[in-house]
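Comments concern the structure below.
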Amino acid sequence: MPQLGLLHWRAWTVLLGQLRRPPGAVCIRAVRSHSQVAEALFTSQLKPHQEKSNFIIKTPKGTRDLSPQQMVVREKILDVVVSCFKRHGAKGLDTPAFELKEMLTEKYGEDSGLIYDLQDQGGELLSLRYDLTVPFARYLAMNKVKKMKRYHVGKVWRRESPTIVQGRYREFYQCDFDIAGQFDPMIPDAECLKIMCEILSGLQLGDFLIKINDRRILDGIFAVCGVPESKFHAICSSVDKLDKMSWKDVRHEMVVKKGLAPEVADRIGNYVQCHGGISLVEQMFQDPRLSQNKQALEGLGDLKLLFEYLTLFGVAEKVSFDLSLARGLDYYTGVIYEAVLLQTPVHAEEEPLNVGSVAAGGRYDGLVGMFDPKGHRVPCVGLSIGVERIFSIVEQRMKIFGEKIRTTETQVFVATPQKNFLQERLKLIAELWDAGIKAELMYKNNPKLLPQLHYCENMGIPLVVIIGEQELKEGIIKLRSVASREEVAIKRENLVAEIQKRLSES
């Protein structure tokens, strides 16, 4: 058998494998030379590649790319959020994008079916994180941390039906702030609500309302209305849909789908359709049924104290006691809250955008204990900002008003009107970079001046430094204002100081 090159040897190897394939498979009956082997192999493998011409390039359902302009907007939103978290003394934290599956199961009630499970490839059953709260509780238990104020910005994943227009995705960012530790009642809870108000006001999204309730009050209502304890979670899940469905539809679900007696559902309806302020809290204290339930009284007592603190913080008018608020997640144990934008657009040209809640949270005193081998509890309370939904609103406004967004932070462009000045431009831009000045140049040996100036205008770069033969001979640099088009000559050794002075004044 003649000597075979590496390519031909691989071709023979694959070809022999094809010859052993069953009838109907690619088969080559006669091969007279090495070149025929390669040609036959190439021809046999060509068709599958040709069939890819129908392949559609797209992002997976419920996900999206962000353009440079969109990234600028998102970073501004995140800056407002994270700055507020830091202002309140929070430390940063990060956790893995996936957790052991057993860590996430039985923590989310009916929403557990929305968890993304990963295929087992390394001996561990894993799932993508559904939120940032459960991983935080796992972190506290694993590291035996008893007290912590933390913030966390990260992606989470949920297998729900995405509604892109309303800012609902399968992959999205959450921005969480949580306070863990044993403290006097309602002080951390009040701070969380204050933070929520500061962020929503700072983002200038328009008027908003924060609905609050307490899971103990809800459980108390279910108990005094005659709901069997085994159905508490199921009925709570139905009540949680009152922001999307009418009471009639929710009642139908309770009675027909969840087997609740009609008269019990009607009694629940008398409570969960109530909302108000501190006066409603006082009214519930006097309720003949609810006042007999210990759990409900504890919840009402905490809400009364909470409203006192919110008044001192100056945000009580932004908060409403809403008995329909349920927050379907199983781990909540006390106060719960949810912020919604009121449907009055900020600008006349703006269409109302129904994005649901833009922030939410609550108290979860038992979650850390679920991870601790000895069941040691660490009381926690926190909030999550709905960045994607907020971004949808900001995006809509950008389209309406045609706002131009700068995608870079470049402060100075290094230009030349003449040929053979690349070396001087490179030395000059290195000097600017070393001084901490954000600078760019055109990646051409001999660029023309006009395209360089047009680039600066299009990108919003405020200053241009121009170097040519005359400037080099006189030891000066021309400094040009892009907006006014005025040029001044600056001594080379004074250039950095002059640029820094102008940037500080702008």
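Note: Cβ is positioned from N, Cα and C throughout, glycine not excepted.
Residues or ranges marked as domain 'Aminoacyl-transfer RNA synthetases class-II family profile' in TrEMBL: 62-417. Annotation comment: TrEMBL describes Asp131, Leu132, Thr133, Arg158, Gln174, Asp178, Arg327, Tyr331, Tyr332 as L-histidine binding site.
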Under 8 Å by Cβ from Gln174 (L-histidine binding site), counting only residues of that chain that are 6 or more apart: Asp131, Leu132, His152, Val153, Gly154, Lys155, Val156, Ser384, Ile385, Gly386, Val387
Cβ-Cβ distance under 8 Å to Arg327 (L-histidine binding site), same chain, at least six residues away: Asn213, Arg215, Asp240, Ile336, Glu338, Ala360, Gly362
For Thr133 (L-histidine binding site), nearby residues of its own chain (Cβ under 8 Å, 6 or more apart in sequence): Asp176, Asp178, Tyr331, Tyr364, Leu367, Gly382, Ser384
Sequence-distant neighbours of Tyr332 (L-histidine binding site) in its chain (C-beta under 8 A, six or more apart): Arg215, Gly362, Arg363, Tyr364
Site diameter for L-histidine, Å, by largest Cα distance between Asp131, Leu132, Thr133, Arg158, Gln174, Asp178, Arg327, Tyr331, Tyr332: 21
Average pLDDT across the domain 'Aminoacyl-transfer RNA synthetases class-II family profile' (62-417), rounded to a whole number: 91
